[in-house]
Structure formats: C-alpha cells, structure tokens
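Asker: Under the heading Zn(2+) binding site, Swiss-Prot lists 426, 429, 450, 461, citing sequence analysis as support. Feature annotation from Swiss-Prot assigns coiled coil to 758-867. Per Swiss-Prot, the feature compositional bias 'Basic and acidic residues' maps to 485-497, 626-636, 739-748, 756-766. Under the heading region 'Disordered', Swiss-Prot lists 474-510, 527-546, 599-649, 718-766. According to Swiss-Prot, the zinc finger annotation covers 417-469.
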C-alpha cells in the first residue's frame, strides 16, 4: 500500500522530472515510509536479557518529568494468563503524550533539579515491553483525564495491518465516561475485542489499582517463552522474586578462588537493588520492598581516585572497595546518569587472575562523558571508552597492590565485612542518611525513618541530605580556583619557598580540629634535653600514613595568611632576643611532624583554659650538615619542651645557627566543627613548609623520612649503640635525668620568661588583631548561614513556582487539545449529531409502516361498520365491541410508538382515540 501526501505531481517529484535550479523541493505525492508490525519484534531483540527490558520500564518512572516515588512490580493472573504489571504514582500522561510514548522516536524529557533524564532515543518502552511479552496495555491518569492505549503484536497480526496501529481511548476522570473523538469508538472496540478485557467495566477497573489521582499502570501478557516452550521468567520458585528460568549459578575457579556469577544476573530483586547509583524511589517487587543501596557507600576499605576525561574538563570520581556481601564477586560498576549500564566489568588484574588478584574488589564510576549504546547495556566503543577502561585498569591495580602490601589484610576474610560508612534511605522523605560509627546494614529495620537517626541534626525529614566532602573537594568551583591563583600571585616570592609534603601522620581528632579555628600559629620549636615524659612518649609513637586530600590544603590557607602578616625579619629579631637552652646535637636530625602535646602540672592551666590560648603547631625538625653522618646511626625521635602560658610556646633558634638551619613552619588544616565528619579523620594532612632565603641558598639538605614501625625500632637500636660508643655526647642528658623527675619538671616549669617591652607590645597588638579577625569571621559565618537559609527558602519557592508553571502549561496544552474550538472536538460533535440523525430516520420509517397498518385496519373497520348497519341490536353490540377493541389496540400502538403519551384515563367508547390518532398523523405529515 502506497501512501501519498498532497496534490498531483509537480516539479521535483518522482515522475515529474528534475527540480529546476532554485526551486523549492516539493513533498507532494512523495511516498511516506511505513513501519511494518514485524518491527516490534525485531526492535525488542536489542535486549539480550529480560532484566534490561524491565529496567527500561523502570527508567520511565525515574525520569525527572515523572518523579514517581513508588513503583510496584507484580505478577497477576487475568483469565488464566500470567501478566506482568508495573504501577507507579508519577504524574501520568495525557492522551496526546500517551500517543507519543507509543510512537517511535519521540522524546521531550527535560532536566529538573539538576537530574538528567535517562532516556535518549524515545524507544525504551516499545523495545522493553515487547521484549517481555507480545501484548501490552497502558493505563494512565493525570488528574483530569484517563487514557488507555494498546500496543499489541497479536492485534496487528489478526487484522493483518500494514503499519503499526495503536488504539487509544480517553475517558473523563470525573465520571469515567468516554470522551468521544474521531477514533475513540473504533479504538475502544479494538481494545475490547483483542485484549484480555472484553467489557468496559473490567477495563476501567484497572485505574483503581493506580494509587492516588495520578499515575501509570502497564500490563503485559503473552510472556515470552524459550524454545522449549517454558516461560522465560520464573514466577513460582520464589514468591517474592522474579527469576530467570533455567538459570544455573555457574561456578568457576579463578586463581584458586571459586567465583560465582553475580546474583544480579538471575534475580530481579538483586538487580533492582543496584540499578541506580543513588536511588530516589521505592521499588516493591511482588508486594515486598526492595532494599536499594548506594553501592559506592556499601563497600569496605574504600579509597577514592579521580579521572579526567579528554572530552570534558570535569573530574570524575572513582570509588574502589571490597564487597561486604559477596567476597568472590568483583568488577567495575559503570553508571550513566545514575543508571547502571555495565555491571561487574573486569579491568586490570581482574581479567586473568592467577592467584586471586582483584577478587572481591568493586569499582564504581559514573561515566556521564560516555555515550551509552542503543539498548543501554553497553557503551559505544570509542576512543574515550578505551582510555577510560585503561585508566580503570591502572588505578585498580594500584589499589590492589596498596591493600595487599598492608599488614594483617585479608583479601577473603572468613567473616562478613562491615562497610566503612552505612547509609540508609528514609521511607518517608526518601533522603539518604549516614549513620555514625560502623553499623551492619543487615541489622537495620526494613522501614527506616529519619527520627531513627542517632545524629540529632538529621532527625527530621526537612533537613537536607548531608553533602559528601569529597565531592566538594573534587568538583571545586572556578571561582575558588581563581581566588587561589590570585592569592598565590600576591605572596612575596623572595621571602619564602614552599614545599608540599604528602603522607604525613593522621589528622587530629574532631574536637582538636574545631579548636584550631580560634587559635593562632606559633613559631618553630627545636628539641632540647629537657623532655617531659608525656611528650617523649607522644613523640615515640609511630604515626600512621594517610592518603592525600586536597581539602586540607584549602582550609589551611587562612592560617598561612596569618603568618604572612608578620615579616620574616621581625620573627628573626624576636628569636634572637629570646633566651634559649642548649641544643643537643647528638639527637636525630631528620624531619618529623610532632603533634602538639603539653603536660599540665597540678594547680596550673587545664586543657580547658589552654584551649583559648595559643596551641603548639606540628613541627618539622631539620637535619644539619655537621651531623649528617651521625643520622645514619642515630634516629631517636626528638620531642618538645613546653613552656608557660606567658612565654611564646616553644624555643626559638639562636642567631648563630640561623644561617645553617632551615626555618620551617607547618600549617595544620582545620574545618568547622559542623562540617567535620568521620571522613575527615580518614583524610590526609598537607604540610606547607616555608624555607628562609638565606638558609635555602646555603644548600642545607632537607630529608623527609616516613615513620614505619620496624624502621623506627631499628633506628632506636642504632642510636643506643652509638650513644654507648660516644658517652660524651649524652653526658648532659644523663646528668639531667639523674636529678629525678621532680627536678626535671621544675626546670621545665621555671624556664626564663624574659620579654622585651617591644615584644610584649607586638604580641598584644597581634592578639587584639587576631581577636578582631576572629570576631569578624564569626560574624561573617553567621551572615553566611542566614544567607544560606534565605537562599534555600527562595530556592524552594522557585522550584515550587516552576512546578506550578509546568502544571499550568500542561493543563493549557490539554485544554487546547480538548477545547471546544479544536477541530477534533467539533468532529466528535458532528459524529454524534450524525448518528442521532440516522436513528431518527430509522424511527420515522418505522412509524410510517405502522401508520400504514393502522390505516388498513381503519378501512376494514369502516367497511365492517357499514355492512353491519341493521336494526338488529346484537349486530350493533358486536360492532361496538370490535370498535372498542380496535381503539384499545390503536392506543397500545400509539403508546409503543410514543412512550410519553398517556392514555390511561381515556374512554374507548368515545372518539378520543380517533382524535389523538389523527393529531399524531397530522404532526408527522403522514396525511399529506
């Protein structure tokens, strides 16, 4: 069958010759492309797995223009046929939108609340539904209208259609009566004849299964079967799950470790639990809730990495960790726009593990910079995709080597791991909350609410979700980067040189970090023979190494600015004026970061009082050229000797040693106590070291030695042996220690407290300036919080207004489509009037026939009346009786033809019936 458009052929059309130069191409009588019904089946074959087809139907409910909160997947039996049902409480569709959804290639999805739609090609519902079964019915309501649409291969085969036909019937949601359009009547007839519902009442009852005033329900039957005749999906094995039929959980040996195929390959419940990177809706599978999870937050021994694609300037975060549920499953989970595309993709050492390399390691990445394939089961094989896979392989290998090199690490533990962080979704507001501490997710209730949260800040559903610190660090705004670049240019390059050291000891606890906001940075301090026991024990404990975090470097910038306000020459002058204790050169000269620790004698300052004063910063102890040969043998850790409150904390360098020793200032990063969480304890510390110009030019060597436990013990042993060989170098400390602990503490407390008036005045001005700065900072923080609250308020108002605008625009479009001015509505009215006219003509013809019969009866009666006119009374009575019966029959006839005619109180002996009959005949122009 050929379809044409427009008028006869003209120039530029087939058979009409070639178009002239400069002429406009014509579309008249050009053949239209038609779509064969067989395309429905061939299009569905793009999904190699049935779960991929189910994911397409779920994606339609997740899209931002639908915003469904709950999706129900169930199996129902209708007329002894198993049917798959998908029901959501989204926004629903108008008949016009339903027609576009059942057509091919139409997609008008929008971005809402920074959430991107998953669909791209406008083909997901057709391919997904036809992959699961041959026939599908769609029921949708949007608050004003109800609509039913049929997409059926069986229907197209029965009518031998040459193109894809989709019957759609609209109903009024108020009275559930059909809205008459030009195709509503034949569409309803087709649905009732070729679907599993044969009456309109059963069809409309399906709308009652949709919760609320809006939503959509999809019903699929004639489930696809395998070659052996069995259904592709197994509904009987597990009453709360849908499994793939005849699926064997195959096992194979990989590097001596038994590896099972993931549960997501054959269990729909497991597949739905990880289908979305951050789920935003509840899924009920066969009347039981699916425990959705953020797989990136359900791993143990988590490490983060970044990857910068070549096609975009944004950095992409990669998460690596060990699976807590299945120790023998591994691979990279690759998402796109929050949707899982490739699951358990093997990379790096996981491709061909010989000794179990990479087994148990799960990687998570969101590849929004890649383009998914047509069926959303893979990515297009481009250069960017190959570079991404290679980068994942390198980073996964590095993660595996780092974890294996750690002590007491078990790749395959005997007991179940607990995630580093436990996140749970509120059943009411659907927000994700992080629980403090390490909590086993299996111990949480099936329905969890915000008021269960032990954290007092997140006990209400109105509180926004907790922002992830690592996301803020990896995706910093350009404004912050520009500010940082400007600050770097403003620094005096001739005064200090900076070096960045990674892998320092762990950051201080939360309360210490919070106190750093109200403290200044002290000057450098050098070890002396007077050591307090608590400080010595603190300095001997080997610190742990942590990974690098850029956030620590950002927040430490404000302390660097405070130090930058005081010139270097002024600090030198203050240092030379301060009395110093002799320095023990026999001790180790390697650089070490020392945590600020102070012993408080009885009756003196307590830790609470000290929190308002200056705190001792971490230190880096330099190495001298003269003692370089001794450091190979002597590595005993130095310690600090704290002074009193009035004295500047720590000892300063003498003037004669200043040209030989580098001046080091370590800056400790801090965060606000509101924003610091458990991740900050795991985060790294970045030390920014300033080296005086004179010392840097002298060529004094700088060495950083990591503190491993075994190496540290060996250094102590070598130091003790060197001291025994050189007794004179340690005579002073030994003599000091012989006086006893009381003498040592007394000397530590009675350090000289000489301060010049100039220094005291400078210190006072600095303290006042710092107090003003802190007060301004607190004021600015309060204003920022108020502005943030106001911004959130107006943001919510804006979103509400935007939602109302979308609603009004949708209603306006629907009103235009179904208004009385629309041609479709006028056509519907014309069809109704035309049908009434046909019925009236038929009734008129029937009345004419009945009137002819009545006239013939009257003629017979008249003849009988004339023939029986005789004086005999019996004949007259019989004639009157017959006339009465005839009048009764005529009255019955009139009553059947005209139901509104009342003839109950009329006497049949009179001529009233004759008069009424004559009036009816005259009114219908029959006598003419």
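A Cβ is built for glycine as well, from the same backbone N, Cα and C atoms used for every other residue.
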Asker: Which entry in the list of binding-site residues, 426, 461, has its Cβ near the fewest other Cβ atoms, using 10 Å as the limit?
Answerer: 461
Asker: Quick check on the binding-site residues 429, 450: which one has the highest count of other Cβ atoms within 10 Å of its Cβ?
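Answerer: Within the set of binding-site residues, the most crowded position is 450.
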Asker: Around the Zn(2+) site (426, 429, 450, 461), what further same-chain residues have their C-beta within 8 angstroms of the site's C-beta centre?
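Answerer: So the additional residues around the site are 427, 428, 430, 431, 433, 449, 460.
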Asker: Quick one: DSSP breakdown of the zinc finger (417-469) into helix, strand and coil?
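Answerer: Helix (H, G, I), strand (E, B), coil: 10 helix, 8 strand, 35 coil.
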Asker: Across the compositional bias 'Basic and acidic residues' (756-766), what are the DSSP residue counts per state (helix, strand, coil)?
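Answerer: Per DSSP, the residues of the compositional bias 'Basic and acidic residues' (756-766) fall into 10 helix, 0 strand, 1 coil.
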